[in-house]
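Straight from Swiss-Prot, the features:
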- 6-244: domain 'ABC transporter' (DOMAIN)
- GLY42, ALA43, SER44, GLY45, SER46, GLY47, LYS48, SER49: ATP binding site (BINDING)
- 270-290: transmembrane segment (TRANSMEM)
- 518-538: transmembrane segment (TRANSMEM)
- 569-589: transmembrane segment (TRANSMEM)
- 606-626: transmembrane segment (TRANSMEM)
Amino acid sequence: MQKPLIELKGVSRVFNLGGLAVEVLKGIDLQIYPGEFVAIMGASGSGKSTLMNILGCLDRPSQGEYLFRGESVSLLHRDDLAQLRREEFGFIFQSYHLIHALDARENVEVPAIYAGAGIVEREKRAEELLGSLGLGERLHHRPSQLSGGQQQRVSIARALMNGGRVILADEPTGALDSRSGEEVMQLLMELSRQGHTIILITHDSHVASHANRVIEMKDGQITHRQEPVIRESNQVRSPFGVRHSSILLELFEAMKMAFRSLKMNLFRTVLTLLGIVIGVASVIVMLAIGDGAKNAVLERISAMGTNILVIRPGMPNSRGFSNIATLIPEDMEAIMELDNIIAAMPENKKSVTTRYGNNDQSTSLNATSSHFTKVRNWPLGKGVFFTEEDEKSYAKVVVLGKTVEKALFGEEDALGRFILVDNIMFQIIGVMSNRGASASGEDEDDVILVPYTTGSLHLIGQKFLRNITVAVDDLSRMGETEREIHSLLLARHGGIEDFRIRNMASLIEDVTQTQNTLTILLGSIAAISLLVGGIGVMNIMLVSVTERTKEIGIRIATGARMRHILQQFLIEAVVVSALGGLIGVVIGLGVSALIEGLGTPVYYSLMPIVWAFGCAFVTGLLFGYLPARKAARLDPVVALASE
């Protein structure tokens, strides 16, 4: 004896409407055998559509048991129900429920995508089905370009795509004229003859008369039923068999659908992209400027030498030192006798006026020693530097910075010429190489260098030193050497700490920390823009889910699992964010290059770019998850009923 394909035992369905329990189905008992053509007929509100939703695994009974091929489906997980719909059921709806963004062939292919069918085989299958239904010339027409009858035939082809062992037709002729309606009924009768089990939902007795068995419903109960006509039916098989969908194929399809959806709402997509683009570009530009400023400052400080100790007069933590007379040349000479010292040099600075012919230049005088080039790591450009002999003989010789040379001599050769320094004659013996700006932004080339003995006697008028700069040999002993100098000077100054020692390595570390803090601040400000862009992505995706609720219902009805819907909307969010991130990287690099061209120091590194793009990608994941989760958890019945 043949067993029923579908069996309902005492099935009831209760809805909670505004706190009031409404029983739509009441104790339904029903058996449907393979190959039957059954019409369930009733007036509006009789419960027939609710019954169809339960039969098609779109809804669950509140009470009772639903058996399919002898196995209970009432307690199956949503994904198991999706598999059952995908492999066993095909739906034909009164309002067609085609996805407007897809053409006829693509609409028919939808169930096969979730069945894991390859691109070629599902395209071939869709074309064969549409051709057999007289739509071979309408493969690439969208629903809006098809008549009602043609749209319903596309819906029938979609129902048959995965085999359609059971065809559930909900008022399939309700929106059609009589001729088109009759054509659809003839198609259903032919499918019944081929072995498909047809369950027709209708309120029209004429339409119901095409079925082999009619079941009448009223007020949620079966009021009349004909006995089933059990006959041998052809076994309907899935054209794709049982297979597991490839993750790569799923991702490819989700990506393709994402781009199609974004293209359909191009203006909105551009606005959403703009938020991510601005955020990513801001991060890259801000970090490039911050790193550029940090490196520029560090380069200038490092140019002075990382092995430098600077000793200045004045109490520790006090400010100002120009009028404090505590350091003398003998202190410098004593320091030179210590271990681990390459050289020590004095520096006395003063603003002076230089003159050559009719050209005047106000500049900075630095009265220093012959060790200047070694300690400052500043090579001579041309000529010679003054020597220890020049210092001992109080020689009136001078070495010019490039800025002073150009101001006084233009393109002429300055070597050997005499200039006036505060009306005292000095001979030019050398010109320094180009140095550029200092850490504080001052022009280091706007300087003249003279022996400290000569400068103290003729120009400054005092022998006290403004500072002593010491070059240390072994950097690993920098701290030890600093302590030795401190002890030496403390002893020489009678135990009074009237001097300050600054370690350039410590200064570089402090500056680096300060600049890193500034860079983080700039990056944080820019990251806020990226956060705002992410909120924009979430907002647009929530709107997209609302607008495409019916599409989601269609996809669930045709076999999409929760993960398929989650993937699709999550990938849409990621595509927007990643595309915005990519454009933002390009624009960020372009703006950084423009800023660099205007003279602002900029430093390019891979990490900020990777970080900014990665943040955009993660932003898409994080802010896209909530809308995607909302889409994946939609009730298919509610989704299909939405407008």
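From the backbone N, Cα and C atoms, a Cβ is placed for every residue, glycine too.
Bear in mind that the values here come from a model prediction, so they are computed numbers and not experimental data.
Simply put, out of 270-290, 569-589, 606-626, 270-290 has the most Cβ pairs sitting under 8 Å from the transmembrane segment (518-538).
Long-range neighbours of GLY45 (ATP binding site) (same chain, six or more residues apart, CB within less than 8 Å of its CB): ASP219. Residues 276, 279-280, 283-284, 287-288, 291, 523, 527, 530-531, 533-535, 537-538, 541-542, 569-570, 572-578, 580-582, 584-585, 588-589 of the same chain lie 6 or more positions beyond the ends of the transmembrane segment (606-626) yet place their CB under 8 Å from a CB of it.
Same-chain neighbours of the ATP site beyond GLY42, ALA43, SER44, GLY45, SER46, GLY47, LYS48, SER49, judged by a C-beta within 8 angstroms of the site's C-beta center, are, in sequence order, HIS203, MET217, LYS218. A 10 Å cutoff on Cβ-Cβ distances gives ALA43 (ATP binding site) a total of 11 other Cβ atoms nearby, all chains included.
DSSP assigns GLY42 (ATP binding site) to a strand in the three-state reduction.
Taking each Cβ in turn and tallying the other Cβ atoms within 10 Å, the top scorer among the binding-site residues SER44, SER46, SER49 is SER46.
If you average pLDDT over the domain 'ABC transporter' (6-244) in this model, you get 87. All protein chains shown were included, and the count of other CB atoms within 10 Å of the CB of LYS48 (ATP binding site) stands at 27. Around GLY42 (ATP binding site), the same-chain residues six or more apart in sequence whose CB sits under 8 Å from its CB are LYS48, HIS203, GLU216, MET217, LYS218, listed in sequence order. In three-state terms derived from DSSP, SER49 (ATP binding site) belongs to a helical segment.
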